[in-house]
Amino acid sequence: MASIKKLMIRGVRSFSHKESNTLEFYSPLTLIVGANGTGKTTIIESLKYATTGSLPPNSRGGAFIHDPSVAGLAEVQGQVKLLFTNVHGETMICSRTIQLAQRRDRREQKTLESVIWAERDGEGVSGRSGDVDAEMPQHFGVSGSILESIIFCHQEESTWPLGEPVVVKKKLDDIFASAKYGKALDSLKSSRKECSSDVKMKMQELEFLRKMKERKESLELRIRSGCMSIEKNEIRVEACDNEIGRCERVIEEIDLELKGNEEAEKRAHLLRGEHRELMEFIDGFREKKLPLEDATDIMSGKSLQEAEEEYERMKMDAEESEMRFKDLSEERSRYIRSKAELDGVFSEISVKSSFLDEARRQKMEALKSLESELKVKKDFRETALEVFGKVEDDIKQRKECIHRLEEEALRLKKEDRDRTVALSEKKRIVDEYSGLESDGSIDVSVSYEDEVGRLRAEISRDREMEALEERLGDYQRRLNDAYSIAERNFAMNQMRGRKREIEGMLNGVNVSELKSKLERQKAKLREKESRAKEIEREMSLRKARAIERSKENDRIRRELRTKSMELGSMGQRSRMAIFEELGIPMLRNGSRCSVERAKEVVRSNEGFFARDDMGFGVEMLDLESLYDGEEVLQRSGASDGIWRERIYREMLEDGCRSHECPVCNKPLSKEEEVEFKRKLEAGIERALDGKENALGSWNDRERIAGEIEALNKEIAGRNKIREEMAELILRYEEVEDVSGEEALDEMELDMLDEAEGIKKTEFLIGLVEELFLIDGKLRGSEEGESVQELRSMVDGIRKIYEEKKEEVRRKKERIEYLCRKQEVIRAEREIREKINFREEAKEAMQRIERSSARIRASDVEEEIRRKKSKLDRILERFARKRVELEMSMEAFYQKEREEACLAKEIEELNSKVRKLLQAEFLDEAKDEVKFDDARSDLLERKNKVLEIGQKIRRMYEMRSLAEESMKYYNRERRVREIERELSETDFEYLAALKEKRRLLEEKKAKLSSQKSLLLGECKQIALGVKSYKQELLKDHGRTVENYNKCFIEVKALELSCMDLDKCIQALDKAIVDFHTSKLEEVNATLKDLWTNTYRGDDVDWIKIKTESSGQRTYNYKVVFVKGGVELDMRGRSSAGQKMIASILIRLALADSFASSCSVLALDEPTTNLDRDNIESLAFTLSRVISRHRRDADFQLIVITHDEDFVQLLSRGGPEYFYRLSRSESGDSMIVRHSIYGTREMGPNKVY
């Protein structure tokens, strides 16, 4: 059993690179204690690195090696040596050396040496790191995963049993060695796969040889049938020639008779086409035609010309009125714009005045606050220390005051900018209101910039909105008339434009004709939809009949397959009898004869297998090949008896001559030779008896062959009928499907055209209705202004104003919220600064108190002078700041005087604007009356023009209808003339002659095609017979012999595959049993450890549970049991429970899987444990130690910082324990101590 003896560490983490530290491990317990950061975990990392070669977690970049910057060197070498005893009792040493070099911009880490050697006779084995890594687990008798995850588990990974499911699965799979057993199983499967692939290849070869054998038989049959077919086709070609000559003579006679009637037929064809076109027009216009008298009167009338002249005259008058109205509108627009400009100036002046008042008030408040701040002065008549403290406080207050004043000054500047922006914004709003007549809408959108900047700009506009609210009533009364007139003019212009657009679209469109056409198209659409449904029903019926026919064909195929299988089974029985007599069952029942032995059997019976006429049963329903000459005797039971007799006699002669078994070449003793002769002679007698009994079986075969022949006839008849039916059905379905598809496509196109026409007609009708509605609106708007419409417009402006006001209110609330939040943040920052200042003051006082005893009187005086000079500088800066503030106040007073002058100018401008507005209001009423008269006159003239236009349109429609009616009557007369001319000509006799000629032509073409097919068939058959004969001579010389050899090889490979399958199943079952038994063993140990360790009553015990997610694939999880209920421990356990569970699971796994290496290292096992659980854990470990006390190789390594835990474990443990500490240079040291409290002294105190 393997064990570890000593460990030497140098240049690893905190251990010095100059001197080595040695640690000796005891049995059964080695205790290592030390404070945090002294290098306890480094011991576990070194053991793990020495045994597995893997570095600890998070050690990239050379963190595992002593830092070169700390050592003051460019390169540092770390070395770990381990003295241990392997599983064979040999003393071994493993040494690993690693180097870390500090370059200019990076660090380089590389392994210098990894060596393992034995101390016996100086023998050593050294090699690369990978060789040592693979060899160390073999010396310890466990796998590398057990060393990493159980024996020397790192502290950061100590709770892996309760970690991520993926990590738990990987580690437990490595511990159970699932991959190793899986590789063995995969190797067997790979062998089985290769064997199966060989079987498939041989089966393909066998299938190819079988087809070659069948090909040979088929070629012989085709040669015979080809010769007979050629003779039959020659007779049929001669009959076709005679019939073709007779048809040509009759066609010549018909052509002579048809040549005299060719002109009359052409004339009749032209008349029929003309008749069809005329009838289409007559049928389409029959319902809309006018009586002949009415149409004649309409065509000769002159009222249309007079109406057109009146329409042109009225249209010119309307255009002149419209030009006069446009001139008045332009003059009125210029007046409204000038009035709006005056209103804008007045509003701007009033708003600016209000802003100046507000700014003046805010400045007065700011000045008062500044004066109150500047008056804060105190006399400084205290001692130097008191003066210093007060000046510091006063300076802080002055800084805050200066900061507030700067903010106030910035705010005032911003207010000036805001007033300028507000005035420009008001001017823009007034300009927009003045442009209502041309635009017809008001743009009330507001753009915002940044979050707080935009909101503060909105608050400035809020003052503007308050001013607007006071003057909104007067402003609206002045703008109501202009706004309502502009709005109505804009709407009327839109309606007129829409009217002109609709009139253009409806020009030449007859509404009544469109409606009638729409009804006809809908009727056609419904008719075509019904026709499409009928076609779909017909197609579904055809599909049902096709399904019934396919079912009947399937039934016939099943009957044919049944009879074929019955005949094939008889041939199979005859084959099996031959193979049993040849000794092939020895290959199947035992493994003594291999594939090579089977080949030798074939070679020894080469004369038997080389026969071309050798057969293993009938596989084709070809009765001619079964009853033709010698083949009947060869395929009968009598020929089987002859073959068996011949084989038995040859085997008997070979065996007596060579005294060996002719099948497996085994030497025969005298007793075996006598028994061999007896069996072969008995076989010869059975073969002779079989010749007589074969005649009876042949009679049975004749009966079955008769049934097969009858069934073949029935099948041939049915196939012929089925082929004819299929040909007719395919032809019929092709024609019907083509016609049906064409009809459906045509109907779909017609339906789309009709639907498009319907949509277009409905759109035109909607346009006409919209035109009537617009006319009504225009007439209603021209009768007078509506008070309700004006009121709605005012309400719209008020609604826009309210929305704007609500939006400003929301922005103001948002600003208030942000300001409050900013104030809270500022208060928190000030509090933190005060706290920091207080802490700094406390620390300064403490430093002063600690150093006061050592400071001389001169130092104190120097400090006082320095403080006084600092105080003077602060007072000087304060005086300069006060002068600057007083100058700022003087500037504010100057600005206030300028604002007073500006207010006086604004008042003068207000008085002038009021006088101008009173003079212009008197002229406005006169212009409105004149404008209304011009507008009513224009509307009246346009209505008259519209009425005359509608009258002319109706007259044009009646005239076009009269023209179409005259065409109708003329074409009706022409139709009667064509019908009379067609009735005088007799076409029945000519049609009969043409039909007869067409049938003769078809018959002639069919006979010619049949003749060509027969000649081509004869030629192809002759070529085929020739090629068949050449193929028989060239490719089928040894076909049957090769088939028999391949058949034996396939059987031998199949037996090998069966043996591999049994081996795979046995190994698979063994893997599952091993996994189950080991897991039960681990859980039993884990239950015992938990019940004796854990002191809580919330968990009865824990166990590792597996869930199979596939074949040999397991998912693991740790569950705890409470009252018979299992719960997943991950996510439901405390940190202490995780630590106890992880330690106990490692103990249980080590007990089951590390029997060859009874070493276990526990790093800080008391982490997160309370006192009771620490004591119970110590008790459990003591029990484990006492249980393995007789085992000299059991070693438990415990690393902890808990002195009480060390005392609990040392009660029955070793006499010594190790304590880790730091030297004055910061390097870790290992010192051995006695459990009785004395430190071991001597030359080897540091190991």
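Each residue, glycine too, has its Cβ placed from N, Cα and C.
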Exercise for review: Return the residue out of GLN102, GLN138, GLN155 that Swiss-Prot annotates for the same ATP site as ARG13, ASN36, GLY37, GLY39, LYS40, THR41, THR42, ALA63, ILE65, ASP67.
Suggested key: GLN155
Practice item. From the ranges 188-236, 629-677, 972-1020, grab the one Swiss-Prot calls coiled coil. Key: 972-1020
Revision key, fill the gap. If you tally other C-beta atoms within 10 angstroms for each of the binding-site residues ILE65, CYS661, the top scorer is ILE65
Practice item. Going by DSSP, give the three-state secondary structure for ILE65 (ATP binding site). Key: strand
Study note, to complete from the structure: Widest Cα pair spacing in Å over the listed ATP contacts ARG13, ASN36, GLY37, GLY39, LYS40, THR41, THR42, ALA63, ILE65, ASP67, GLN155 is 22
Review point. Which one of the binding-site residues (THR41, THR42, GLN155) has its C-beta surrounded by the most other C-beta atoms within 10 angstroms?
Key: THR42
Point to revise | Residue, out of the binding-site residues ARG13, LYS40, whose Cβ gathers the largest set of other Cβ atoms within 10 Å | key: LYS40
Practice item. Give the number of CB atoms, excluding that of GLY37 (ATP binding site) itself, located within 10 Å of its CB. Key: 12
Review point. If one measures from the C-alpha of LYS40 (ATP binding site) to the C-alpha of CYS661 (Zn(2+) binding site), what distance in angstrom results, rounded to a whole number?
Key: 78
Review point. How many Å separate the Cα atoms of GLN155 (ATP binding site) and CYS661 (Zn(2+) binding site)?
Key: 73
Exercise for review: Could you round the CA separation between THR41 (Mg(2+) binding site) and ILE65 (ATP binding site) to a whole angstrom and send it over?
Suggested key: 14
Practice item. Round to the nearest Å and give the CA-to-CA distance linking ARG13 (ATP binding site) with CYS661 (Zn(2+) binding site). Key: 79
